[in-house]
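Undergrad: Take a look at this one; I'll ask things after.
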Amino acid sequence: MPKLVVNVDHIATLRQARLGIEPDPVTAAHMAELAGAEGIIVHLREDRRHIQDRDVALLSQTVKTNLHLEMAATPEMQKIALNTAPHMVCLVPEKRQELTTEGGLDLRGRETELRDYLAPIHEREILSSLFIDAEPEQIKAAAAIQAPYVEIHTGHFADATSRTAQQQELTRLLEGIRQAQDLGLKVNLGHGLNYTNIYGFATVPGIHEFSIGHSIIARAALSGLDRAVRDMVSIIKTFAP
Ligand SMILES: CC(=O)[C@@H](O)[C@H](O)COP(=O)(O)O
Ligand SMILES: NCC(=O)COP(=O)(O)O
């Protein structure tokens, strides 16, 4: 059965609105784990718009399941990853002006660079994942970089504005998932997934994890974090193994 890994970035977004101390993403992570999350994700952005270095340091000591650190492939983030030793790092693209992640990494021509970038992380026995679009060239490049996981970007599927467009995006994702699995990559899915669109993946075999943040935190704002996580866990537990 796929795991639910909860991204607590937007607990920190609310905290940073007043540059205060609450709500604390560290507390939220613990609550999410108690509610059934099998991992916690934080995206330490270069601009620190939400998750702070303090959050990553504390979470690396307090998360009982698995901590996933999303980060740009920079020397600063490599040093932080090596110092905090999360269970997994996920390399994601970043643009300061973006509202949220807009797409996957472009791996083409960067195979050697990223394989070298990940080498010290792998030496510390930290797993790695590459956040990519479901494009054949990107999936082939991910296999060449030898990161054990890919996280296939589901944002275009989530943002589709018609059923036809959503079905086209879902078909593209399913083809990408199959190609990645055929190349021996473990497949996670994430970005923009919610309590409705996630059913598109209910019968897809071999998905390792769903990385979900915004929709869970949005529901939590109205019905509480425990309920929001339990609701998503109860959906995913009905999915194909
Ligand atoms: C990579 C991804 O899709 C998200 O996990 C990422 O965290 C989105 O960035 P924000 O959390 O800043 O919206
Ligand atoms: N990598 C995707 C993630 O961690 C959460 O993305 P979202 O659900 O906040 O869009």
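The backbone N, Cα and C atoms fix where each Cβ goes, glycine too.
Features from TrEMBL:
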ACT_SITE  His43  active site, proton acceptor
ACT_SITE  Glu70  active site, proton acceptor
ACT_SITE  His191  active site, proton donor
BINDING   Asn7, Arg18, Gly192, Gly213, His214  3-amino-2-oxopropyl phosphate binding site
BINDING   Asp9, His10, Arg45, His50, Thr100  1-deoxy-D-xylulose 5-phosphate binding site
SITE      Glu151  site 'Transition state stabilizer'
Undergrad: When you put His50 (1-deoxy-D-xylulose 5-phosphate binding site) at the centre and draw a 10 Å sphere around its Cα, which of the recorded positions Arg18, His43, Glu151, His214 have their Cα inside it?
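TA: Within 10 Å of His50 (1-deoxy-D-xylulose 5-phosphate binding site): His43.
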Undergrad: Including all protein chains displayed, how many Cβ atoms other than that of His50 (1-deoxy-D-xylulose 5-phosphate binding site) lie within 10 Å of its Cβ?
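TA: Around His50 (1-deoxy-D-xylulose 5-phosphate binding site), other Cβ atoms within 10 Å: 21.
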Undergrad: Who sits close to His10 (1-deoxy-D-xylulose 5-phosphate binding site): which same-chain residues at least 6 apart have their Cβ under 8 Å from its Cβ?
TA: His50, Gly213, His214, Ile217, Ala218
Undergrad: Looking at the recorded positions His43, Arg45, Thr100, Glu151, which ones sit with their CA no more than 10 Å from the CA of Asn7 (3-amino-2-oxopropyl phosphate binding site)?
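TA: Of everything listed, what lies within 10 Å of Asn7 (3-amino-2-oxopropyl phosphate binding site) (Cα to Cα) is His43.
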Undergrad: Other residues with Cβ within 8 Å of the Cβ centroid of Asp9, His10, Arg45, His50, Thr100 at the 1-deoxy-D-xylulose 5-phosphate site?
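TA: Neighbours within 8 Å of the Cβ centroid, excluding Asp9, His10, Arg45, His50, Thr100: Asn7, Ala12, Thr13, His43, Arg49, Ile51, Gly213.
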Undergrad: Would you mind checking how many other C-beta atoms are within 10 angstroms of the C-beta on Gly192 (3-amino-2-oxopropyl phosphate binding site)?
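TA: A 10 Å sphere around the Cβ of Gly192 (3-amino-2-oxopropyl phosphate binding site) contains 19 other Cβ atoms.
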Undergrad: Whole-number Å distance between the CA of Gly192 (3-amino-2-oxopropyl phosphate binding site) and the CA of Glu151 (site 'Transition state stabilizer')?
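TA: Gly192 (3-amino-2-oxopropyl phosphate binding site) to Glu151 (site 'Transition state stabilizer'), Cα-Cα distance: 13 Å.
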Undergrad: For the C-alpha pair, I'd like the distance in angstrom between His43 (active site, proton acceptor) and Glu70 (active site, proton acceptor), rounded off.
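TA: It is 4 Å, counting Cα to Cα.
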Undergrad: When you measure from the Cβ of Gly213 (3-amino-2-oxopropyl phosphate binding site), how many other Cβ atoms are you left with inside 10 Å?
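TA: So the Cβ neighbour count for Gly213 (3-amino-2-oxopropyl phosphate binding site) comes to 25.
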Undergrad: Arg45 (1-deoxy-D-xylulose 5-phosphate binding site): which of the recorded positions Arg18, Glu70, Glu151, His191 have a C-alpha within 10 angstroms of it?
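TA: Glu70, listed in sequence order.
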Undergrad: Which of the recorded positions Arg18, Glu70, Glu151, His191 has its Cα nearest to the Cα of Asp9 (1-deoxy-D-xylulose 5-phosphate binding site)?
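TA: Closest by Cα: Glu70.
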